[in-house]
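Positions annotated as signal peptide by TrEMBL: 1-28. Annotated active site, proton acceptor per TrEMBL: Glu313, in sequence order. If you look up TrEMBL, you'll see Tyr398 marked as active site, proton donor. What TrEMBL records for 477-612 is domain 'Peptidase M1 leukotriene A4 hydrolase/aminopeptidase C-terminal'.
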Amino acid sequence: MAIQQQLIQWAGAVTLVAAASSSATAWAEDAHSYARLDDVSTPHLELNLTVDFAEQQLEGTATYDLLRRSDATAIHLDTRDLTIQKTEIWQDGAWQETPFALGEPHQTLGQELTVTIGEDADKLRIHYETAPTASGLQWLTPAQTAGKEHPFMFSQSQPIHARSWIPIQDTPALRLTYNAQVYTPAGLLAVMSADNSLSDDRDGNYSFTMPQPIPPYLIAIAVGDLEIKSISDNVAVFAESYIIDDAAWEWADTPAMITATEKMYGPYRWDRYDLLVLPPSFPFGGMENPRLSFITPTVVSGDRSLINLIAHELAHSWSGNLVTNASWRDLWLNEGFTSYVENRIMEALFGERRAQMELALGYQDLLADMERLPAADTVLNIDLGTRHPDDVFSNVPYVKGQLFLVYLEHKFGRDVFDAFLRQYFADFAFQSISTAQFKHYLAKNLLAKHPNVVSMDKVNEWIHEPGLPADAPKPESDAFAQVERQMQRWLKGGQLQTAEWTTHEWLHFINNLPLDISSTNMKRLDNDYHLTASSNAEIAHAWLKLAITKKYEPARDRLRNYLLNIGRNKLVSPLYRELAKTPENLKWAREVYEQAKSGYHPLTQTVNEALLYPEH
Ligand code: BES
Ligand code: ZN
C-alpha cells in the first residue's frame, strides 16, 4: 500500500494530488462510510438509469472504473434500501458475474455492499433498483406540482443519501467523474449536476458528462416539466413555467456575483452556472450541485431580498465543490468558508450595510442555536460518532465557521487574508481535505508568514473548543440599532417608519420583539403591516413562530397553510418545535403534520417526526 500519488487527468492538465499518508488517514476517518479507499477506489462512474414514476423508482446500472491501491480482492460500497440484482466485473474482455453480499442494515449508515473483484478486474458493474422510500429522492405526483399535469422527482444526496439511489463509496474523501444515460417518460426533462443542454428536446433520452472529479454527495438529478430561461451566456434558470420568469428576474444579479467572486478568489472552474427551481417541498434553501444549484422557490420573494442564498450556493463552487470537506466532521470547511464568501459577495454587490445586516442576523441565529445545543455540538470539528449528520444540522458550522474567518480577516487584514484564501482554493482545487490538513496549511501559509498575530492555541480554541472565544467578533448593524430605537418608541404607542425597511429590518424587528409583547400590540402590528399575510416566506416564518409563542390566534389558518405548502425544513421545523411545547398545540400540530406528510421530503418527515413523536 505504498501509492504516494494519484494522477488525475482533467482538461488536458495533469494535476498531482497528494494521496499520501495525509489523505489516507483522512479516508480512514470517515465514520459515515463503509468504503475503504486505501484498498480500491472508484475514480469514474457510468450511470444508466430509467426513471419509473409509476413505481417511484430508479432502475439500471452503475459501472465503476477500479483504481487498486492494495491487493484486496473485494470492494466495499455504501447502499441504503437498494435492491441489488447482480454484480459483474470486466475480465478477459467480457462481463462476468461475481458474488456480492449485503450487510445488516445500520440505522444511520445503511447497508454495506461487499463485492468480489478478484485480482485484476478493472471495472465493476452493479445492476440495481431504488426503493420508493429512498431517503435521497423525493417523488411528487402531478397533483403535488404547480403545473398539476406532470410528476416531478429530485435527489438530495448531501450528506449521506447518494447511497440510497446509487450503490457508491459514499464518502466525500472520494472524488469521481461521471457520465450518465437517463431515460424518462417523453415530455419530461432530466437535468443533472453536469453538462445540461439548453435544447428544448424532450424525447426522454438524456446524456450527461461531469468531467471534473467531484465527491459523491454532489451527484444530483431532477426530472420534471421544466422550462429554461437564460439570464446570460453562462447562466440560465430551469423551472416549471409558473415561476420561471419570476425566478429569472429575482436572480438577474447572478452573472455579476460570478464576476465578483472570480475577482476575489480566482476563476470559476465549472463552465456554466445554472439554477434549478425545485418544488416547495425541497428540504433545503439551496444545494450547491455543481453547474446546477438546486434552489427552493421560497426565496423567490419578488424583491430580490433573499438572494444571499444564491451567493451562498455559488460560493460553494470554490468552498465545498472545489475544495471539499473530507468527512462530515469537517463540514465547517464547506459551510463556514461558504458563509464567509457569501457575505463577501453580498458586500461586493450591495455594499457593507446589507452585508452587515445579514452577518448580524446569522450571528443571532448562531447564539440561539448555541443555547439550545449541548456544548459538544458547538465545536467546529464536531465529534459525530456515527450519529446521522442530518440530526446534528445547526448554524455552528455555518456561522461559527464564518466568524472564525472574519476574525482571521480582521487580524491579518483583508488583503493578506484574501490572498491566502485565493491560494488555498488554487492549492487544494479538486481535492478533499480534513480539518487537520487545513490547520497544517493555515499554520504554514498564514500564521508563520505573519508571526505573532494569531497563535496556534487560538486556532485550536476556535476549531476544537465549544462556544465562542471571548475575543470573537460580535457582528452588529447600525441599521438594526435604528430598528431597535424605533421599536422602543413603538412599544410606547408611537408609529414605526418602515418605508425604507427591507426584509432584513423586518426580520430583526420581529425576532427581537419582547416576549411579553401584549396581544393588543400583536394585533396592531398585524393590522398595520399585514404580517400574517406576508408573502415573504422568511418574514412569514418569523411572524408565525412568534404567533405560536404568543398564542396569537388570527395567524392560525395561515400557519396551517404554511405548514401544508412549504417543506423547506429550516422554515418548517422551528414552527413544529414551538408548537410541540404545549399539549393543545402539539395535538393540533400532529393533525396538520399528518395531512402535510405525504407532500414532505423524507428528510423533513424524519426531522419533524422526531419533534412531534419523540417517544417513537
Ligand atoms: N450544502 C448546504 C445544504 C446541506 C448542508 C445539505 C449539509 C445537507 C447537509 C447548502 O449549501 C446550504 O447551506 N443551504 C442553506 C443556505 C443558507 C445558509 C443561505 C439552506 O438550505 O438554508
Ligand atoms: Zn452551504
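In case you wondered, yes, glycine gets a Cβ from its N, Cα and C as well.
Spacing of Tyr398 (active site, proton donor) relative to Glu313 (active site, proton acceptor) is 13 Å (Cα to Cα, whole number). Counting residue by residue with DSSP, the domain 'Peptidase M1 leukotriene A4 hydrolase/aminopeptidase C-terminal' (477-612) contains 99 helix, 0 strand, 37 coil. Within 10 Å of the C-beta of Tyr398 (active site, proton donor) we count 24 further C-beta atoms, all protein chains included. Restricting the average to the domain 'Peptidase M1 leukotriene A4 hydrolase/aminopeptidase C-terminal' (477-612) gives a pLDDT of 97.
DSSP assigns the residue listed as 'active site, proton acceptor' to a helix in the three-state reduction.
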